[in-house]
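Record features (TrEMBL):
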- 102: active site, nucleophile (ACT_SITE)
- 203: active site, cysteine persulfide intermediate (ACT_SITE)
- 11, 12, 13, 14, 15, 16, 17, 18, 37, 126: ATP binding site (BINDING)
- 212-276: domain 'tRNA-specific 2-thiouridylase MnmA-like central' (DOMAIN)
- 289-364: domain 'tRNA-specific 2-thiouridylase MnmA-like C-terminal' (DOMAIN)
- 127: site 'Interaction with tRNA' (SITE)
- 348: site 'Interaction with tRNA' (SITE)
Ligand SMILES: Nc1ncnc2c1ncn2[C@@H]1O[C@H](COP(=O)(O)OP(=O)(O)OP(=O)(O)O)[C@@H](O)[C@H]1O
């Protein structure tokens, strides 16, 4: 069948969002085909990553709606361009976000190249983001990446590093919908994915314990847990297993001379291999006012022309917060938040917004504690 709208290859993950995206594109008159990609080859005989079941679901959906499903294995590219960086970041004491890199390097690069080889004019994904075009000059229009309509599901945080040219080649059919409406559509079309749980966490780790997974690749270096004053209060299994702000799993309690309040990870001292913990969820050492990033990745390819007031997130599950932005000569930014932010974590990304427009972001390099800023 030849359509007037052109050929679109939809990334079919075996989830409800991509299933409904394919249905919507068919309704819009596109010539639709699916592509399921495998990015991780298990070598230990176990399938933590649910790829087999997901492929079966993607196949069932494609059969039901009458589209062809292609499969591709990008495990080598994923290993080289996402996973090795992920390990290097952990080794350097940071907490990386592999989904951001996977989008830039795999879903919106290798995937696009493959789809073009299959004759696609566009690709589509089930991400909750929207696009608008911005008039530039006389008749040139450029795409803008906007937050998804459903504030609970907005995924622009994960897409901020995808270049404008790749955004321009992509359709995001569910970005204009609320999640419950997407599930209803899946029910209406009798898709097996209608009630499937949303995927959580990092796919290649699956349900296993994060520390068990990481230990296969990076040797653990146990050390001490200390208070900010240097009192030794426990032992840690290896700094990479802990996240700033974390409460669970520290194994500290019942210390003489300390109140019963829970302990939280405030800092990783890599040089001394010491984990610094503080008591109380709102201890000032858990907060930062300001941060600096690595060189930024702007969706449009360049920093906003006006400096100053924006909003920003330092992690996915967080509202964007008001801040002041100053771009630096090396392409990085320094951001000062109006209010101190809890557990700002090096390795995670800062993502900048101007209203609904996602401007871009960068990996957090340094943070300044509220007290340091005041001092
Ligand atoms: N293995 C895969 N093969 C092809 N496309 C994929 C795959 N995994 C994810 N995608 C694409 O990226 C989008 C976002 O992926 P994410 O892992 O965030 O899933 P999600 O938001 O739960 O969406 P879904 O309900 O479609 O799984 C998917 O909707 C899909 O278009």
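Each Cβ is built from the backbone N, Cα and C atoms, and glycine gets one as well.
Heads up, TrEMBL stuff is auto-annotated, nobody curated it.
Counting every protein chain shown, the Cβ of residue 348 (site 'Interaction with tRNA') has 23 other Cβ atoms within 10 Å. Neighbour density at the Cβ, taken as the number of other Cβ atoms within 10 Å, is lowest among the binding-site residues 11, 15 for 15. Distance noted between the C-alpha atoms of residue 11 (ATP binding site) and residue 348 (site 'Interaction with tRNA') is 25 Å. Considering only the residues assigned to ATP binding, 11, 12, 13, 14, 15, 16, 17, 18, 37, 126, the longest pairwise Cα distance works out to 16 Å. Closest by Cα distance to residue 13 (ATP binding site), from the recorded positions 102, 127, 348, is 127. According to its DSSP assignment, residue 37 (ATP binding site) is in a strand. When averaged over the domain 'tRNA-specific 2-thiouridylase MnmA-like C-terminal' (289-364), pLDDT in the model lands at 94. Of the candidate recorded positions, 15, 17, 37, 102, the one lying closest to residue 127 (site 'Interaction with tRNA') when CA atoms are compared is 17.
Cα separation, residue 348 (site 'Interaction with tRNA') to residue 17 (ATP binding site), rounded: 25 Å. Under DSSP, the residues of the domain 'tRNA-specific 2-thiouridylase MnmA-like central' (212-276) split into helix, strand and coil as follows: 7 helix, 19 strand, 39 coil. Of all Cβ atoms in the protein chains displayed, 22 besides its own lie within 10 Å of the Cβ of residue 37 (ATP binding site).
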